[in-house]
Amino acid sequence: MRTYFSKIGFVLTVAGGAVGLGNAWKFPTLSAENGGFVFVLLYLFFTLTIGFSIFLAEVAMGRLSKSDLANAYSNLAIKYGNRWRYGGVFMLGGIFVLSFYLVIMGWVLKYTVVSLYYLPKTLDEAASNFQNLITTNLTSSVFFFTLSFFLTLLIVSKGLIKGIEKLNVVIMPSLFLMLVFMLFYCMGFKQGFANAFSYLFYPDFLHFKFSSIAEALGLAFFTLCLGIGCIVTYSSALDKKTNFIKSSVYIVLINLLISFIMGLIVFTFIFEFGADPHTQGVGIVFISLMSLFNQLGALGYIFAFCFFLALFFAGITSAV
């Protein structure tokens, strides 16, 4: 029985852990609130410098210790000093992240199902639906949260190779194909796509704040899944023959590419149908896009389903 990741399995699994709602949901939202390309440039800089350095360190730690985060520090402490044995406490960060991550995954799963038969006709209707979901319709929220929780638990219970790697080898290519399909479709909205491209890759200092620097650094850590143990744990099953530096480069580039594709998809619709990206916040996905998809007619249901399914795929690969 194989106990180590295959080369492609390691890249797709760790990329799946890194690529998540931070890319698909948080990146467009924070870009909208923090000056477009100025924020994107900072995010890119922090990802390729600080983020990549810590990412490599976590991969090396997992590969060297051959254990999860809780035991990795203890194993390495024998050689490098007992003061490191308490480092496993960082795994608590993963529990805190998962506690709200599963809630958002529940929202995404709910919208994936609903988009098959219903799309709100107006922005106010979409806002009302989302407000009801998070404040009054708690039965629905709890149901989809529970479904997401047990689905995550089922995959994790099968282990790194039979569960998590097997999931990512199927889902990550599917996620990428869906995103590429949606991106090419968005290119048909020439004005909206051009505005989205300019928005992401042209500086807007009017909406840039000093706090945007911290936001960009935080997003780099969040989207690379740093400091919570999953990279260390995955790397513990890394074959010694695998070039982990080369694999890490691929993983970080996949993470950035999916962030940019998701940003272009979201902002193309925002600009094509006249919504204001600066005032949307979290609702840029759950409110604005839901009402904008309706303007595509029958095709909007297909597009909405594909979008939220891709979002859920991105979430489940990180949750496990």
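Counting begins at 1 with the first residue displayed.
Placement of Cβ uses the backbone N, Cα and C atoms for every residue, glycine included.
Note that TrEMBL annotation is computational and uncurated.
The transmembrane segment annotation in TrEMBL covers 34-57, 89-109, 138-157, 169-193, 213-237, 249-271, 283-316.
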(request) State, in range form, which of 34-57, 138-157, 169-193, 213-237, 249-271 has the highest count of Cβ pairs under 8 Å to the transmembrane segment (283-316). (result) 169-193
(request) Take a look at 34-57, 138-157, 169-193, 213-237 and tell me which one has the most Cβ pairs under 8 Å to the transmembrane segment (249-271). (result) 169-193
(request) Could you pull out which residues elsewhere in the chain have a CB under 8 Å from any CB of the transmembrane segment (169-193), counting only those six or more residues past its ends? (result) 8-9, 12-13, 15-16, 19, 258, 261-262, 264-265, 268-273, 303, 306-307, 309-310, 313-314, 316-317
(message) What residues elsewhere in the chain lie close to the transmembrane segment (34-57), defined as a C-beta under 8 angstroms and at least 6 residues from its ends?
(response) 27, 199-209, 212-213, 215-217, 219-221, 223-224, 226-227, 231, 244-245, 248, 251-252, 255-256, 259, 263
